[in-house]
C-alpha cells in the first residue's frame, strides 16, 4: 500500500495550473500575494509555477521560495517536463525554500505518446528513471506525474510508476488530464495502482483532476477511499477549459463528511481530528483574493464560495433556517470565514486601522500602495456610509494588480442621455509622465471611453468581454467591472471598482491594456501541451 501520512495533503496549483485559465495571467506581485494567503490557508504544497516557461515564471517561483517558503511553511514546488533543462531551471528557482520540491512529468497514454511525444513506450520507460534520478540529485523531494494517466494502459502505468519510485520519487501523481473518468473508474484506477505497484509503499499516492465532465471533486473523494493521500486542487476550481478540482469543495466535503471518511484513515468514525491542515475560516478570504486578482468571477451558485451558497429565497427554507439553520444548511457560513463585516472606519480613521484590516484580509502592501489605497478609502468614505470588507478588497486589489503600469488614467468624462450621442474625453499618462487627451463617440458611454483610450494607447486589441457586478448591496454600492482583451490569441483581463461604473470601466480597460503591454512577447510555453524537447537525447 502507498505511504499514508495519516491525513489528506493539499497541493495547491492555483499559481500554475489555475493561471492557465484564459485571461487569468498574474504578475509577480499578484502571485506573491496569493502565495502568502495560501500559506495562511494552510495548504501543504504550493506549486508556484513552471520555471522553464519564462523568466517571469522563474522569478515568481524564486521570489515565492524566498518569501513564502519556510521551515514551518508549505513546501514550494515547481513544475518541470522530463528534460534536464527544465529540471535544472526548476531546482534553481525553488532553491531558496527550506522545503522544496521538483514536480516532473511525462505522458503515458498511447494517444499522447503517438501524437505529442512521438515516442515508444520503451523510450518513455527509459526517460522516467533517468530524469527522476537527475531531479533527486538536486533536491530531496521529487514528485512524478504520469500525464493523462486516466487514459493510459494500466499495466504500462504500473511499470512507469515502479521505475519512478525506484529512481527516487517520493510522490506519484495520477492526473485525469482531460477530466475523462467517472468516480468508480477513477477509484478503481487508484486502487489498482496501490495494489499492483510493488514499491508503492515507498511513495505517497497523489491525484490531479480536471472538471470537463463536472466530476473532479467526486473523483477525488472516491480516490480518498482507494488510498490517495495528496490532492492537487485550485482555489475556486480555476484552470484551463472547465477548470480543476476546487480546493474549497474538497476540503469542506472532507470536513462536513468527516464521520464517513474517518474509517478510511484507520480512525474511529467520530474522531474529531481534522482530515486536512487547511484553516477553513480562511477559505472565503482566499477565494475573493484569487477572484479579484485573476478577474475570474465566481459564479453565484458555486458551492462553498458563491454569493448564493448560503442564501435562501424560498419562504419554506427561510422559515426553517430562522428556526434552526441545520434544517437547510450543512455548513455554518462562519466555518468558511463568511461574515458581513462592516468596519468602523470613516473620514477620521487613520492609516494604521486601514492597514491592520487589510493585513487581516490577506494583503501586505508596500508603503506607496498603502498610501494609494488609503486615499481611495477616504474618497469612498465621503460617498458611502458603510464600508465593508468587500469594498476594501475591491479598492486594494488594483494596487496589487498593477505594480508597474505603462498607462495611468488621469481623467474620464462622459456625456450621454436619451437625446445625446455618447461622447467621452479621457486623459492618459505615459510612463514618462506625459499626458495626452483624446475624445471619441460610441454606442454608449463605455464604448466611447474604450475608443478614446485605444486612440491614445495605440495597442491593437479586441474587447471580448465586459461585465459589471455590484460589490455590495445598496444604491451606493461600488460596481466592479471586468474587461478582457484579446491580442494574437492571448487574453488579458483587467478589473476595477468604483461607485461610478463608467470610471470603473475606464480603469479596468487601462489595467487590461497594461497587462497586454507587459504580456505580449513573453515566451509562452504550456507544460501540458508541449512535448519533451524534440532534440532531447538520453543524458542531455
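The backbone N, Cα and C atoms fix where each Cβ goes, glycine too.
According to Swiss-Prot, the features are:
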type	residues	note
DOMAIN	8-271	domain 'Pyruvate carboxyltransferase'
BINDING	17, 208, 210, 244	Mn(2+) binding site
REGION	408-540	region 'Regulatory domain'
**Message:** Around the C-beta of residue 208 (Mn(2+) binding site), how many further C-beta atoms are within 10 angstroms, looking at every protein chain?
**Reply:** 27
**Fill in**
Summed over the region 'Regulatory domain' (408-540), the DSSP helix, strand and coil counts are 32 helix, 54 strand, 47 coil
**Request:** For the recorded Mn(2+) site formed by 17, 208, 210, 244, name the remaining residues of the chain with Cβ within 8 Å of the site's Cβ center, in chain order.
**Result:** 13, 175, 177, 209, 211, 216, 232, 233, 234, 239, 243, 245
**Message:** So if I draw a 10 Å sphere around the Cβ of residue 244 (Mn(2+) binding site), how many other Cβ atoms end up inside it?
**Reply:** 28
